[in-house]
């Protein structure tokens, strides 16, 4: 939106075109153009007077664009992204002016352990940062950073969920109670406002990420332990895997299952993940296979990925959605082409 700074009145209609949150905007030096960055992974240039886009979106980033700016002469645009790169563009043509500026890396790793503690590690040195986070009275089964990296959520076999300050290790939300058995999996929503948890009590729960207050009733439908949960990239759906051999997708607002359970695995589902675009789901199972599903219909895409000689314990998509990584009880990690298997 554009506003008159003297009287606070909106000028013209909202400028529309991005398909996800707009994270950063800037005027050109002459004031005739605006550049915007978005969680749809693009940057765009707009005509200030008409609100019309100038040229096509800048498409090279593979993750959220978080910051944009014009050069002082207005001839170039710089963008920063969650894909860890900075890119420089010709402001008139949208062409990249050079290779991406690379060098940023993920700084920290969080781990949970059977010793009841959580640790944060420096990826450059491999050293732990500070002291272990202590508070759980039983094994820590699942940990995850908030999207801004400032908080950590943990689930434990003490049946509780906690939220920690990622820098200091201090508890921000202590021992959320509601599950009647082990908490097996936790995750933040993409905006950090919610937490999802799965448990051996066969339920999925949603919590307010700031207060820890439960949102609505538990999601019920699985007939055996819930082993893994994840939010969709848009935060509107939740996926869960279960020892009932199925994957389910739930509507966050209603708590209702969307469609029938995804059936195909012959043994418990151990791990699930959405693709970055939210259109596909990957699952790993004790049946030693990895499967891809259409996230909307639940239909399997292609044959199961076979190669592991023991149960599959963890799966994830690459940031661009083109590859899948799986870990297994056969002591190996495998990387798969997500389209061909």
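Even glycines carry a Cβ here, placed using N, Cα and C.
Going by TrEMBL, these are the annotated features:
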DOMAIN    1-91  domain 'Bulb-type lectin'
REPEAT    15-56  repeat 'WD'
REPEAT    58-99  repeat 'WD'
REPEAT    105-131  repeat 'WD'
REPEAT    133-174  repeat 'WD'
REPEAT    176-208  repeat 'WD'
REPEAT    219-255  repeat 'WD'
REPEAT    262-303  repeat 'WD'
REPEAT    305-341  repeat 'WD'
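Highest Cβ contact count with the repeat 'WD' (305-341) among the listed stretches 58-99, 105-131, 176-208, 219-255 falls to 58-99 (criterion: pairs under 8 Å).
Per DSSP, the repeat 'WD' (133-174) is made up of 0 helix, 23 strand, 19 coil. Highest Cβ contact count with the repeat 'WD' (219-255) among the listed stretches 105-131, 133-174, 176-208, 262-303 falls to 262-303 (criterion: pairs under 8 Å). Secondary structure counts, DSSP: the repeat 'WD' (219-255) has 0 helix, 19 strand, 18 coil. Taking Cβ pairs closer than 8 Å, the repeat 'WD' (176-208) reaches residues 141-148, 151, 153-157, 159-163, 214-216, 218-220, 222-231, 233-235, 238, 240, 242, 250, 252, 255 in its own chain, all 6 or more past its ends.
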